[in-house]
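Colleague: One structure, as structure tokens, below. Some questions next.
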Amino acid sequence: MTVMAPRTLLLLLSGALVLTETWAGSHSMRYFETSVSRPGRGEPRYISVGYVDDTQFVRFDSDAASPRMEPRAPWMEQEGPEYWEEETRKGKADAQTFRVDLQTLLGYYNQSEAGSHTIQWMYGCDLGPDGRLLRGYDQHAYDGKDYIALNEDLRSWTATDVAAQITQRKWEAANEAERTRAYLEGTCVEWLHRYLENGKETLQRAEPPKTHVTHHPVSDHEATLRCWALGFYPAEITVTWQRDGEDQTQDMELVETRPAGDGTFQKWAAVVVLSGEEQRYTCHVQHEGLPEPLTLRWEPPSQPTIPIMGIVAILAILGVVVTGAVVAAVMWRKKSSDKKGGSYSQAARSDSAQGSDVSLTACKV
């Protein structure tokens, strides 16, 4: 269940704050809420999305024809009408709170009402392998910049500027940290356990990565080795390169884990090496779905079984055979023409005019 927003205080965060990476064997629940003002075009647009681990399970959009909190995962269909009515009520209430907050922040930052502004809020909890609270989150942003956040002790706030300090003082006076801590330690943990049980076939599965290494020449003496991990779940994975057993993390290019669009994830890590030294490098992949870590090397393409000189000789022989066949055909044609009383040049001109045998015309030259 989502946490209730304070009615007169600032509530923020969603897409600009990225999902915080969790520990191996742990699980997380996050809500991301965003409100964007649009002067002259009506009320701000408010969107809320909820994630369990890497799976979106609920969504609310104030621009929908009939704004409601809606399921985004099959296992959420188990929740009854009361659940959706309550979550919809909270979504609408938060949308109104954010509308007020946008006006309040204009005053804090001495901004005009002409421009569009964004407030964002992310909150949630991590569970450790033992099922207990590992960490709680409550982070806020304004116009894409950090604004105020609950500290790891869940008892105090960190404000990033003078405007955020105004909010901090209000929240401290209202004991907002205590209210948030009670949610994170209680309700958040309880509902995360429930979702993990209801969606265990999806959320607690482990699909190992499909791995391979590709080779990309950069110059005459350098090449890029890229280690791929595809089709894995959950998203937590480690992909590293080693040279003669020594870690190359500082020298490698690493992309963030990306969704593949089918419920699984992708990742790759690359390193530039000297040509001829490729076999000194190994890629190491660790993932929950693997019985043990993988070690990969680039495998050069297999050499042809027939030597190059042999291929050249075969092609030369074929060339002689083809040439002989063409000459024989020409001689046969010439003899046939002579028997009919016509010359070779006359036959060639006649065939050319009919547009049939081009090869004979070419042989004439």
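Cβ coordinates are placed from backbone N, Cα and C, and glycine is handled just like the others.
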Colleague: From the disulfide entries in Swiss-Prot, identify which of Cys125, Cys283 pairs with Cys227.
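Modeller: Between Cys227 and one of Cys125, Cys283, Swiss-Prot records a disulfide, namely with Cys283.
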Colleague: With reference to Swiss-Prot, specify which of the listed residues Cys188, Cys363 is paired with Cys125 by a disulfide.
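Modeller: Candidates were Cys188, Cys363; Swiss-Prot matches Cys125 with Cys188.
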Colleague: What mean pLDDT score does the region 'Alpha-1' (25-114) have in the model?
Modeller: 96
Colleague: What does DSSP give as the helix, strand and coil breakdown of the region 'Alpha-1' (25-114)?
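Modeller: Within the region 'Alpha-1' (25-114) the tally stands at 33 helix, 27 strand, 30 coil.
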